[in-house]
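For reference, the structure discussed in these notes is given below.
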């Protein structure tokens, strides 16, 4: 929508299109609130976004260049008596830092066995290389996805429209072909082949639109709060999902598959018969809390596992890949994580996790789409400059947008990056996440199926952090055939490169690796640090009473933090309303243009027409049956 077309009255104005902001926008719009949803960026989802490879290069270039200085406009002339103006921050660049890019593949297409000359791009040199590549490929800055108000009108054409989340997921089971409307991925070359065509950097740029690279790496627990919300609200119809097919772990220099379901345990070749029985007995005993378990409260989970007579092999699997905790984690937390893992098993597959096709950036856009369907107004490349505060009530009564329009509202919700550091309350010292994104030429653990989606837990080494790794195959529509997209995440100790490059060097083939010929090669990688959203306090900000702050992604594997934020804000504003009630299916909508009786009459007419169609089908079936019997009699007479 053009800026000049914006109405001047809304119930809720939301600034920022991250996951929490998008969920709360959908929730308000669904219950009839007038919602204005703005973002100064040219793309949706903020730090939750998914980029094509070319768009990611542009994003990297923009961060190296830094924010463009903006002249602070003086909007004091718009103030009325008893009002005060609070200016918002015009830059959120502090949420991303320490970007470093490395390219380990050739510029042009070649056939060879080993990696080519290494090009290492850091700091200003990286900025120049990205800029040069963008110009040579004639790249243009464009949005990686359509706006929700545009796609909502073409729902049946672009989006999956299935009645239930279960039916939607059933079509994505392991071993099935992708949907007919999706391009069929070409099988990646086998890693056992002596020679193969090396994917070049030029090819990555040329086919860049086929990548969908997430800024944040998470998975969806099949019984987690986000999946429950997607089912409850019917937003699941706007997306497609795949099972995470394997849970892996890295141990003693080897990548191994973790047996977590009953079928995996009995099929595992890594465990002896005795270990299989012990593991199944332990997992069964974890289902209910017992007095024996409560006796270990406050003591390390590793101590509890040791006292259960579980060997080092089982302790490693349970600690790092099922509970996904550290050795010092209290037993009650470790058992709670184990139970949650087990509860999620078997709902949609042999692992507890789902991943959205086309990347995690689809999820915020799905909620934006729902908001737009119910009347929410969207405007990208548009922001709010300041808040108009009513001094007597300490409430925000209006906002001033970046073009000087005064927009009255009852409540204002803002992404934390738009709030100055002096006005928000955060953890001290601030917390950050270290992130790495790799494009590789093969899987960490090759198998017969080359369409595996894997999660790998890498235990801490030499005092370093635990590293979570997600490996995505081409059928997730996040990378091109012949490549894998690998995301690494950990809590920051130093820069992302310092935290994660040792893991990359140890598990993949790079110029710094030694004796890693059997490992997949890294073609291109990006390191960066991201602000940890869990460091933002829920209360205590120096803001008006009706202004609410949403944080960015946190370091957890699931999405509970963002969903909980959205629900808390909604309940504070509308405590009597249901949070994200289900949207009706299109065939259930009755369009009432005059009065209720008219709509009821139309419904009855449609029902009568349907029954008449059924009766007509029955009559035609009777005729066909009589014809069939006459044919049989005729054949008998001829014999």
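Even glycines carry a Cβ here, placed using N, Cα and C.
Checking TrEMBL for region 'Disordered' across the ranges 29-52, 53-76, 77-100, 173-196 points to 173-196. Applying DSSP to the domain 'RAE1/2' (433-554) sorts its residues as follows: 18 helix, 44 strand, 60 coil. Confidence for the domain 'RAE1/2' (433-554), expressed as mean pLDDT, is 91.
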